[in-house]
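*Asks:* According to TrEMBL, the protein has these features:
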{"type": "DOMAIN", "residues": "7-140", "note": "domain 'EamA'"}
{"type": "DOMAIN", "residues": "150-276", "note": "domain 'EamA'"}
{"type": "TRANSMEM", "residues": "33-52", "note": "transmembrane segment"}
{"type": "TRANSMEM", "residues": "73-92", "note": "transmembrane segment"}
{"type": "TRANSMEM", "residues": "98-117", "note": "transmembrane segment"}
{"type": "TRANSMEM", "residues": "126-144", "note": "transmembrane segment"}
{"type": "TRANSMEM", "residues": "150-169", "note": "transmembrane segment"}
{"type": "TRANSMEM", "residues": "181-198", "note": "transmembrane segment"}
{"type": "TRANSMEM", "residues": "204-224", "note": "transmembrane segment"}
{"type": "TRANSMEM", "residues": "236-254", "note": "transmembrane segment"}
{"type": "TRANSMEM", "residues": "260-280", "note": "transmembrane segment"}
Amino acid sequence: MNISRKKSIVFLVLAAVLWSTGGILIKLVDWNPIAIAGTRSGVSAILMYFYIIKKNKDSKLLSPKIKLTKIKFLGGCVYAATVILFVLGNKLTTSANVILLQYTAPIWVALFSGYFLKEKVKKGDWISIFFVMSGMVLFFVGDINTGQMIGNFVSVLSGFALAGVVILLKLQKEGSAVEMTFVGNIITLIVSIPFILWSMPSTISIIGIILLGIFQLGLSYILYSEAIFNVTAVEAILIPVIEPLLNPIWVFLFNGEKPSLMAIIGGMIVVSSVVIRNIIANKKNKSCDFKYKESTS
């Protein structure tokens, strides 16, 4: 699927909105976190498989088979770690903590994208990352519960793994990024089989898992995987940062779980810094396009 940069940004925003539903849906599923991660990935894998088959047929490929490469397998493993740690974090601390701390990912992407992707990180990116991290610190300081501190640590690990997913998705050939996430979902399902067999979920929990698999994980990563080739790695992790603001809002509205004042302030700093960064970046891009047109006319 060849899409424009503008449509890619829209896809990233839509992916973030879908991701943001994870906190409330996971809280409603009364089951162990590894089993939730595995069954959610299983549902997501089914959706992705049919999408890949349809996409390959539309591209008139002779074979709809998914080719497993070393980098695709590595990416799948890192993806599996990301989704398992995310669900585990949601069971150990508040949704606001999980999603904000997972967004330590931009700094890891900025540090490693130059080496792995040969993408130059701009000054504006570093400024945005500074404010994102400042928001994280505001949130982190207010948490003194030991159990929540463990959840926070798990969430930071999830952020590190998420950065790895972004970089490895960018390293895929265009069209195979969705396949990497499909492989990751299969790995997650296999790893969690012992936990799935340990106990059975309730009917409400099953409905929650289906919703998680189709929308929060499946459709979101299809959109994200299609969009990632038209933006830089830093943009791919910074643009969806509206998720930290939406996630605790859904949980507060539907589950009554209130984020702390510091978490709210931190979230506003995170979102504001990224929005301002993208407004400035878009103005610079338009200015460059205008100068180019003048020079060629």
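Count begins at 1; order follows the chain as displayed.
Cβ atoms are placed via backbone N, Cα and C, with glycine included.
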*Asks:* Would you kindly check 33-52, 150-169, 204-224, 236-254, 260-280 and say which stretch has the most C-beta pairs under 8 angstroms to the transmembrane segment (98-117)?
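*Replies:* Result: 150-169.
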*Asks:* In the domain 'EamA' (150-276), how many residues does DSSP call helix, how many strand, and how many coil?
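*Replies:* Here the numbers are 110 helix, 0 strand, 17 coil.
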*Asks:* Over the domain 'EamA' (150-276), work out the mean pLDDT and round it to an integer.
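*Replies:* A mean pLDDT of 87 is what the predicted model shows over the domain 'EamA' (150-276).
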*Asks:* In the same chain, who gets a Cβ under 8 Å from the transmembrane segment (204-224) while lying at least 6 residues past its ends?
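*Replies:* Residues packing against the transmembrane segment (204-224) from afar: 11-12, 14-15, 18-19, 21-22, 25-26, 28-31, 36, 39-44, 46-48, 51, 83, 169, 178, 181, 185, 236, 240.
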